[in-house]
Ligand SMILES: NC(=O)C1=CN([C@@H]2O[C@H](COP(=O)(O)OP(=O)(O)OC[C@H]3O[C@@H](n4cnc5c(N)ncnc54)[C@H](O)[C@@H]3O)[C@@H](O)[C@H]2O)C=CC1
Ligand SMILES: O=C(O)[C@@H]1CCC=N1
């Protein structure tokens with residue numbers, strides 16, 4: 001696959017790492033305003049680094065946009081004359097609706113929205129996908145790319161805002177919980193490195209157990225909570241302090257922060 005990533009910052013670079021490590025490219029163009037910081041990626045075979053978005057679009061079939069929301073409009077205006085029927089446009093931009101992309105490039109383009117997270121760098125992103133009507137014909141290509149770099153789920157576009165919080169921001173929420181667990185482990189006597197190892201792998205195990213068994217978390221928790229034991233004591237104390245409630249409220253606050261981008265450029 002000939003892929004271009006327009007905007008190789010935090011997310012774009014994570015996608016690039018995933019694509020390169022998983023051997024998922026024929027050619028890969030990486031663009032950013034000041035490409036010096038990612039020059040080292042040009043050492044990989046068939047990877048090209050440039051600030052020229054038009055060149056990247058001309059030389060690629062799959063165009064992944066990973067710029068800040070306010071930057072997308074101008075970029076679409078710059079590249080729209082180069083778009084042909086070979087191109088599939090994949091936008092990871094938060095709050096930027098498909099209809100707003102269509103307003104600039106037209107409805108006769110394959111347009112897909114993708115919401116990955118930074119674990120795409122290690123092939124472990126949960127990525128949600130939605131498309132315009134024409135893009136349905138190419139959604140399998142997007143699925144193939146993102147399934148190679150983790151898991152994907154096709155959703156209606158109206159759920160993209162929620163998917164952004166649960167999956168894209170979600171990885172930060174889980175990492176904060178891992179950090180808190182690490183801090184507790186240090187307080188309970190482990191050194192910092194061991195503490196993080198215990199927290200990370202326990203988190204991984206919980207996730208794998210639910211994925212492999214298909215069980216509800218509470219069914220697995222029931223197996224851990226010995227009556228009058230230490231686990232239920234800890235869980236109840238956490239709930240008295242609002243663990244579930246604060247996580248839910250934080251995710252709703254995150255959801256409410258996402259605004260629909262105003263397309264007033266050019
Ligand atoms: N960071 C994350 O974990 C996630 C981010 N997103 C979305 O991805 C987008 C990018 O986010 P980040 O990577 O965090 O931002 P970032 O600021 O780290 O990266 C944006 C990159 O775009 C480049 N850029 C700016 N103007 C450009 C232009 N005209 N041509 C080419 N490159 C240009 C910048 O130099 C920068 O490297 C945002 O819209 C965000 O909502 C979505 C899911 C997860
Ligand atoms: O924090 C943000 O706004 C972006 C979108 C989801 C993850 N990072």
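Every residue gets a Cβ built from N, Cα and C, even glycine.
TrEMBL labels come from automatic prediction, so no person has curated them.
Copied over from TrEMBL, here are the features:
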type	residues	note
BINDING	6, 7, 8, 9, 10, 11, 66, 67, 68, 69	NADP(+) binding site
BINDING	53	NADPH binding site
DOMAIN	2-93	domain 'Pyrroline-5-carboxylate reductase catalytic N-terminal'
DOMAIN	157-257	domain 'Pyrroline-5-carboxylate reductase dimerisation'
For the domain 'Pyrroline-5-carboxylate reductase dimerisation' (157-257), give the DSSP counts of helix residues, strand residues and coil residues.
87 helix, 0 strand, 14 coil
Cα-Cα separation of residue 6 (NADP(+) binding site) and the residue listed as 'NADPH binding site', in Å?
7
Grab the pLDDT values for the domain 'Pyrroline-5-carboxylate reductase dimerisation' (157-257) and give me their mean, rounded.
98
Tally of DSSP helical, extended and coil residues in the domain 'Pyrroline-5-carboxylate reductase catalytic N-terminal' (2-93):
41 helix, 22 strand, 29 coil
For a quick check of understanding: given the listed NADP(+)-binding residues 6, 7, 8, 9, 10, 11, 66, 67, 68, 69, what is the maximum Cα-Cα distance in angstrom, as an integer?
14
Alpha-carbon distance [the residue listed as 'NADPH binding site'; residue 68 (NADP(+) binding site)] in Å:
15
Determine the Cβ neighbour count for residue 66 (NADP(+) binding site): the number of other Cβ atoms within 10 Å of its Cβ.
26
Rounded to the nearest Å, what's the C-alpha distance separating residue 66 (NADP(+) binding site) and residue 53 (NADPH binding site)? Just drop the number here, would you?
12
Distance [Cα-Cα, Å, rounded] between residue 53 (NADPH binding site) and residue 8 (NADP(+) binding site):
11
